[in-house]
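**Q** Copying in the features that TrEMBL gives for the protein in this structure:
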- 95-136: repeat 'WD' (REPEAT)
- 137-170: repeat 'WD' (REPEAT)
- 180-221: repeat 'WD' (REPEAT)
- 306-321: repeat 'WD' (REPEAT)
- 331-372: repeat 'WD' (REPEAT)
């Protein structure tokens with residue numbers, strides 16, 4: 001201690017301390033002594049050890065968490081998949097290659113393939129299992145805002161700020177075989193209608209257009225909003241279209257008659273995303289809002305049009321009664337614009353991506369945030385769950401493919417797997 005005080009320049013304290021301890025009254029500092037500076041070295045070693053202990057404790061906690069999420073299937077060593085797995089804090093793969101932020105991601109329905117759309121005007125095709133980039137699609141001249149595979153995985157549709165929708169033949173090395181023209185401003189989203197013969201697109205020109213995939217012709221123009229339409233999504237039967245807009249509303253419109261069925265108004269800012277609550281999640285949602293089902297609601301539930309979720313720039317996620325337009329619940333927790341929503345296929349959880357650089361997992365039965373994951377820096381732009389469950393003959397029910405993808409303004413696509 002005296003050596004430390006002397007070397008640190010605390011001369012007065014050094015003299016006082018030495019005077020108070022008779023046994024050390026003859027102590028003389030010796031810079032050449034092996035013990036000189038030993039106290040500082042010990043302190044430094046202790047701090048390093050503390051850091052290592054904290055790091056190991058964090059790793060152990062993560063391992064316990066992953067083991068708990070793995071469930072009994074993993075401990076049995078079987079091939080069964082844990083149907084309630086949720087992402088951990090560390091991605092399995094990080095896909096590097098884009099030169100600007102990622103706007104959208106889409107999983108191939110059959111293969112371990114994912115497409116990513118970027119502001120760098122390209123679409124990249126990746127193997128999400130290995131993390132390798134298989135090819136880069138270059139045809140758009142401005143930012144690509146959305147991409148989606150059809151239900152068979154044979155066609156990839158992309159849309160862009162260059163006013164075009166492009167169709168790519170997946171089996172034919174992703175050849176761009178059609179370009180759909182008609183929108184007068186940036187195109188925000190594109191989705192195939194059930195059956196894959198038509199697709200719908202939403203645009204900043206305040207319209208939703210319906211396209212014939214085989215002829216590339218626009219067969220219908222809808223105008224459900226008077227401002228920029230951020231997203232247009234068909235119902236499971238394709239008869240209704242859910243849209244959200246800069247006018248702070250989400251609306252459900254009949255595709256054939258163009259009549260608005262429901263308006264959902266309650267957000268305090270632009271709505272970035274809107275999705276129908278899938279059939280698997282409806283029981284959990286009904287428990288959340290204390291609603292009981294009956295024969296009449298069962299029929300609507302089977303169509304997947306009973307409830308809607310919206311994410312907004314007001315930092316909230318809202319649950320709506322899709323038939324009456326009433327807000328039933330508000331999920332509060334994000335500190336930035338909510339950019340993307342997707343449901344866990346088990347039906348119990350909602351995943352959300354936001355500009356607060358996090359991916360969050362919500363319990364649909366309680367409305368609480370179960371997990372917050374630091375996913376991208378600074379903003380998370382999109383999130384998607386993996387391929388739709390495939391039925392295994394003779395096995396219990398559907399098999400869930402546990403893989404989640406996120407894209408961010410850091411130009412990265414991250415893959416989250418058990």
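Just so it is clear, glycine is given a Cβ too, placed from its N, Cα and C backbone atoms.
On this model, are these features tucked inside or out on the surface, and what's nearby?
**A** Mean predicted confidence for the repeat 'WD' (95-136): the pLDDT average there is 97.
Same-chain residues lying 6+ beyond the ends of the repeat 'WD' (137-170) with a Cβ under 8 Å from its Cβ atoms: 100, 103-111, 113, 115-125, 176-181, 183-192, 194, 196, 199, 201, 211, 213, 216.
Under 8 Å from some Cβ of the repeat 'WD' (180-221) lie the Cβ atoms of residues 142, 145-148, 150-152, 155, 157-161, 163-167, 227-234, 236-238, 241, 243, 253, 255, 258, all in the same chain and six or more residues away from its ends.
Residues of the same chain lying 6 or more positions beyond the ends of the repeat 'WD' (306-321) and with a Cβ under 8 Å from any Cβ of it are 242, 244, 248, 250, 252, 264, 266-277, 282, 285, 288-289, 297, 300, 327-332, 334-341, 350, 352, 354, 356, 362.
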**Q** Checking distant contacts: for the repeat 'WD' (95-136), what same-chain residues at least six beyond its ends satisfy Cβ-Cβ under 8 A?
**A** 142-149, 151-153, 156, 158, 160, 162, 168, 170, 173-174, 379, 381-388, 403, 405-415
